[in-house]
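Under the heading region 'Disordered', Swiss-Prot lists 1-61. Annotation source Swiss-Prot lists transit peptide at 1-50. What Swiss-Prot lists as compositional bias 'Pro residues' is 1-11. Residues or ranges marked as compositional bias 'Low complexity' by Swiss-Prot: 12-28, 46-59. Marked as red chlorophyll catabolite binding site by Swiss-Prot on the basis of similarity to another entry: GLU163, TYR216, ARG217, SER218, ASP299.
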Amino acid sequence: MLQLRSPPPATSSPSSAVSFPTLAPRLLPLRRRRRGAGSQLGGKTSSAVRASSAAAPGATEPEVMVEVAHREVARALASLAEARLGARLLPSAVPPDVAEFRSGGGAGNAVGSLDVRRGAPGSTIDFMLQSSLHCKVPNGAIDITSLLIFLNASTDAPHFLMEFIQGSPTSIVVLLDLLPRKDLALHPEYIERYYENTQVDKQREKVEELPQARPYRSRSLFVRSTFSLTAILMSIDCGQGGEGTLEEIVRGQLATAARALLQIWLDSCADHTSEMEEGERENMIKRDQIVRSKSIEVDLTSNLPRMFGPDVADRVIAEIQKAFGVQEA
């Protein structure tokens, strides 16, 4: 789920996966967004952040959030989801030091933002989570943007997941899926309802047609097992000098596929309630908890402390654990 590792190196150069864009990116200091306001993953710096990140004379300037194409795509889709879900989402209650955070006591090489909106009582929504990370590394930077919308136990409908992992100006990893909540081999009717009837696989086929696309496989076998057979798990590599091509693909084919997948989820999953036997519901809840706990273990506890330090990482992970409804290990 929340992938906090750099993408695999591009085939053209061992270091290209972490090379910094040669194009001049727009730099966005973090901004705490108003509770209940429209989706924002970047903007003007609040006074609190300015105070915490002020560098002494001669000190290294604090890292700022870089505005890349996939963050704009994520903001647009988050706004679409919020507009559609409306009052089914409660205002954000994420504390300020988790809504915006950075490494090194304010002048480090990594910055991030996290926003979580819980589902209102009586809705099918468990939570909607948005996160954005920018980490400077020796040969460049890594930028990760995530949008998760998870459903609660009133329905067995799939969750929505979108994640972009960019470690190079010419390459990106994209993860897009309706995450299944049942063993698909044991429930062919589940495949038919949410994956065949919705024709969701057409989006994967379109992305796979890109000559720059190749399959992406997580190093974790468990993580691989959680995705559906229609998941878009692709690495897009545009090669040397392909910055403009990658941006066109992100704003074009990837944005189109992500919007189509979200629309399918909003139309076919978000409002669907399910009649289930108690044992069946308990098994689904258990499966959800295992997937959530394992994703935190694999992707967060092993990587976030290295990027932000233990104190910041502990605060952020605790907030995500709260959203996921899992206990600290």
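Even glycines carry a Cβ here, placed using N, Cα and C.
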* Structure fact -> For ARG217 (red chlorophyll catabolite binding site), the nonlocal same-chain Cβ neighbours (under 8 Å, six or more residues apart) come out as ARG224, LEU233
* Greatest inter-residue Cα distance in Å for the red chlorophyll catabolite-binding set GLU163, TYR216, ARG217, SER218, ASP299 -> 16
* Does DSSP put ARG217 (red chlorophyll catabolite binding site) in a helix, in a strand, or in coil? -> coil
